[in-house]
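Look at TrEMBL and you will find 10-193 tagged as domain 'Flavoprotein'. If you look up TrEMBL, you'll see Gly16, Ala17, Ser18, Ser42, Ser107, Thr108, Gly109, Thr110, Arg142 marked as FMN binding site. The annotation dimethylallyl phosphate binding site is assigned in TrEMBL to Tyr172, Arg188.
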Amino acid sequence: MGETVFQPPVTVAITGASGAQYGLRLIEALVAADHAVWVMISKAAHLVIDTETDAALPARPERLAVALAERCGARAGQIRCFGREDWMAPVASGSGAPSSMVICPCSTGTLSAVATGASNNLIERAADVALKERRQLILVPRETPLSAIHLEHMLALTRMGAVILPAAPGFYHRPATVNDLIDFIVARILNQLTIEHRLLPRWGE
Ligand SMILES: Cc1cc2nc3c(=O)[nH]c(=O)nc-3n(C[C@H](O)[C@H](O)[C@H](O)COP(=O)(O)O)c2cc1C
């Protein structure tokens with residue numbers, strides 16, 4: 001039997017901002033588009049997931065990968081998960097990291113760490129790698145109101161080539177459900193990744 005081949009991997013980091021559903025739905029959409037998905041979930045994000053959703057996700061990376069695969073209907077090996085200090089993971093180095101990384105949702109804490117190059121955990125390190133290698137980095141912050149610190153970090157990251165894609169869904173598509181609001185943001189992320197989807201009609205369709 002040959003090895004299963006997926007579309008190129010996309011790194012998805014879920015951090016502890018409100019809106020864990022955005023990140024979980026993004027993983028689902030990437031799996032549906034047949035991409036490999038490399039996932040990191042921060043400690044705070046696990047707390048937010050428990051607070052905001054019914055998804056029971058274990059913390060240990062191997063068990064988390066199994067739970068996410070079950071949830072998303074992923075094929076064997078399609079989802080890989082890495083722990084907070086798994087410095088040997090491919091995302092920790094420019095030679096192994098995928099060409100795209102999304103932090104969704106992105107807490108202001110992680111926003112700050114990425115803007116200043118802290119690299120104190122694997123999510124921050126993977127984002128640092130994306131920046132130094134000039135790869136695609138998309139951050140989906142959720143906070144309101146925004147302080148000067150948040151705004152300065154967002155401006156600095158935009159100037160470094162990252163995309164700041166706030167979790168701020170529009171209402172012109174007449175959302176009827178919470179899922180419609182979630183899909184609005186996930187569709188915008190997939191557009192950035194140039195991944196085909198039918199989550200929302202495109203403007204003008
Ligand atoms: C239920 C809950 C909701 C939160 N919502 C937000 C939020 O919307 N935005 C934010 O930046 N932080 C939020 N936080 C705080 C972060 O989780 C906290 O700053 C944490 O240190 C972030 O760590 P991380 O970036 O490693 O995930 C929330 C925390 C909890 C428990």
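Heads up, residue numbers simply count up from 1 along the chain you see.
Just so it is clear, glycine is given a Cβ too, placed from its N, Cα and C backbone atoms.
Owing to the predicted nature of the structure, the values given are computational and were not obtained by experimental measurement.
Among the binding-site residues Gly16, Ser18, Ser107, Gly109, Tyr172, Arg188, residues whose Cβ is positioned under 6 Å from ligand 1 are identified as Gly16, Ser18, Ser107, Gly109.
Of all residue pairs in the FMN-binding list (Gly16, Ala17, Ser18, Ser42, Ser107, Thr108, Gly109, Thr110, Arg142), the one with the greatest Cα separation is 15 Å apart.
In this structure, the binding-site residues Ser18, Ser107 were compared by how many other Cβ atoms lie within 10 Å of their Cβ, and the smallest count belongs to Ser18.
Ser107 (FMN binding site) sits 19 Å from Arg188 (dimethylallyl phosphate binding site), counting Cα to Cα. The average pLDDT computed for the domain 'Flavoprotein' (10-193) is 98. Look at Gly109 (FMN binding site): DSSP puts it in a helix. Within 8 Å of the centroid defined by the CB atoms of Gly16, Ala17, Ser18, Ser42, Ser107, Thr108, Gly109, Thr110, Arg142, the record's FMN site, lie the Cβ atoms of Thr15, Ala44, Ala45, Val48, Pro105, Cys106, Leu111, Pro141, Glu143, excluding the listed residues themselves. Arg188 (dimethylallyl phosphate binding site) and Ser18 (FMN binding site) are 18 Å apart (CA-CA, integer value). In the three-state DSSP scheme, Arg142 (FMN binding site) is classed as coil. Arg142 (FMN binding site) and Tyr172 (dimethylallyl phosphate binding site) are 20 Å apart (CA-CA, integer value).
Note: the Cα of Gly109 (FMN binding site) and the Cα of Arg188 (dimethylallyl phosphate binding site) are spaced 23 Å from each other. Listed binding-site residues: Gly16, Gly109; maximum Cβ neighbour count within 10 Å falls on Gly16.
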